[in-house]
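*Asks:* Below: one structure in structure tokens.
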Amino acid sequence: MDLTVINDRGEQVASVAASDETFGRDYNEALVHQVVTAFQANARSGNRAQQTRAEVSASTHKPWRQKGTGRARSGRASSPIWRGGGVTFPNKPNENFTHKVNRKMYRAGLAAILSQLAREGKLKVVESLGIESPKTKLLAGKLKSMGYGKVMIIADAIDDNLWLSSRNLPNVYVVEPHQADPWSLVKFGNVLITKAAIKQFEEMV
């Protein structure tokens, strides 16, 4: 699989050969869906919670006597059928959202996404993304001249200048190959990758 190499103006200047095992796989939609949803599920913090009828702060006084009023019997205001009462089957923070995906499947899904992006022309290669100083304006200007607004940058090594320049850009995500995840690849759509990072991906996937 040949990948397009571009310069600072977004113009194609060369091509680089990449492994078909990593960048030339067929797109497996079911596998990609599985690894993306598993990644999202595993990222959940599990911080949702509701209160049971035992945990709701309410009076334990019986609202009215059991018989003779003509109304339905009622024991206490924390009943789940009352407004402001507890929840019958509440969510709790200790729920386990983990989805297990085998390492081989995860890497195959990652390779399928990279391959599809390469076929669609959304994965481009650059020699390097060196930034002279930690200035957001410098990186934003360079990406704009290359024709990118929203992009995921995969660099073989992230120096302080690149990291500091990118962290205030909401539509720019900078990672090293081992940090790349399927959800971000799908979300950002456009990927800039350095030549050295390609080799790291091939060894990893």
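In case you wondered, yes, glycine gets a Cβ from its N, Cα and C as well.
Take a look at what Swiss-Prot says about it:
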| type | residues | note |
| --- | --- | --- |
| COMPBIAS | 43-60 | compositional bias 'Polar residues' |
| COMPBIAS | 62-74 | compositional bias 'Basic residues' |
| REGION | 43-96 | region 'Disordered' |
*Asks:* Residue list, the compositional bias 'Basic residues' (62-74) vs rest of chain: Cβ under 8 Å, 6 or more residues beyond ends.
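*Replies:* Residues 82 contact the compositional bias 'Basic residues' (62-74) from elsewhere in the chain.
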*Asks:* Under DSSP, the compositional bias 'Polar residues' (43-60) has how many residues in helix, strand and coil?
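*Replies:* Reading the DSSP string over the compositional bias 'Polar residues' (43-60) gives 0 helix, 0 strand, 18 coil.
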